[in-house]
Structures are given as structure tokens and as C-alpha cells.
Amino acid sequence: MVIVANKTLIRKGEGHKLVKRFDKIGKIEMQKGFLGLEVLVNAKEKEVDEVTISTRWETKADFHAWTKSEAFREAHSGRNARPDYILGNEIEFYDVEVVRMPIAQAQ
């Protein structure tokens, strides 16, 4: 499993706008190898808002296939193009080495 973290810097007070863009079903949910998505908001006091979109994929190749797909282009063009409140972003890739799940307690 691979995690792709897209850390985005946003004008102070406008982070909620990016969060809202991801608070709906999109085309990514139908992509081969897609395992899930989380939207993370950094609560530290800063001069900018920081929102990280974390996606989980079976393989890095699955993520790259998504970025080359027509669905990706549609999601990132036209009225869905990069809003002016986004100041910049950085994408990081993480290989998942250990996963631990909760153990159900006996009743």
C-alpha cells in the first residue's frame, strides 16, 4: 500500500474551502487501486492554513494511472481548476510498512 500526501498551503482563514471540495463523492472512488481518502487539517497557529489530502493506493502505479486519467483531468480543469486561495502544494509518497488494526474486545 502507498499513501500519497498532498500538503496544500492556503490563505489564512480559507482552508475550509478546500475541505469542502473534497467532502463529496467524486470519480477517484471508482479508480483501480484506490483504497481511501482523508482530509487532514493542521490545527497549529500559522500564517497560512494547511490542508493535506491523503490518499491510499494499492500501488504507486495505480496513483500515477489516476493522474493520467480523463477523470483526473476533469476534476482539475475548468471550474474545478486550482483556486486562487491555494498558495502552493507539495506531494509526498509513503510506502506503508506496518498496519495495525483494533482488536475487538470480548463482551
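These residue numbers are counts, starting from 1, taken along the chain as shown.
Note that Cβ sites are derived from N, Cα and C of the backbone, with glycine treated the same way.
Confidence for the domain 'ABM' (2-93), expressed as mean pLDDT, is 92. Among the features that Swiss-Prot reports, domain 'ABM' is placed at 2-93, with the record citing sequence analysis.
Among the features that Swiss-Prot reports, Fe cation binding site is placed at Asn6. DSSP classifies Asn6 (Fe cation binding site) as strand under the three-state reduction. Within 10 Å of the C-beta of Asn6 (Fe cation binding site) there are 13 other C-beta atoms, taking all protein chains into account.
For Trp66 (site 'Transition state stabilizer'), the count of additional Cβ atoms within 10 Å of its Cβ stands at 20 [all protein chains shown]. Secondary structure from DSSP puts Trp66 (site 'Transition state stabilizer') in a helix. The site 'Transition state stabilizer' annotation in Swiss-Prot covers Trp66 and rests on sequence analysis.
Annotated heme binding site per Swiss-Prot: His76, in sequence order, evidence recorded as sequence analysis. The local packing around His76 (heme binding site), expressed as other Cβ atoms within 10 Å of its Cβ over all shown chains, amounts to 11.
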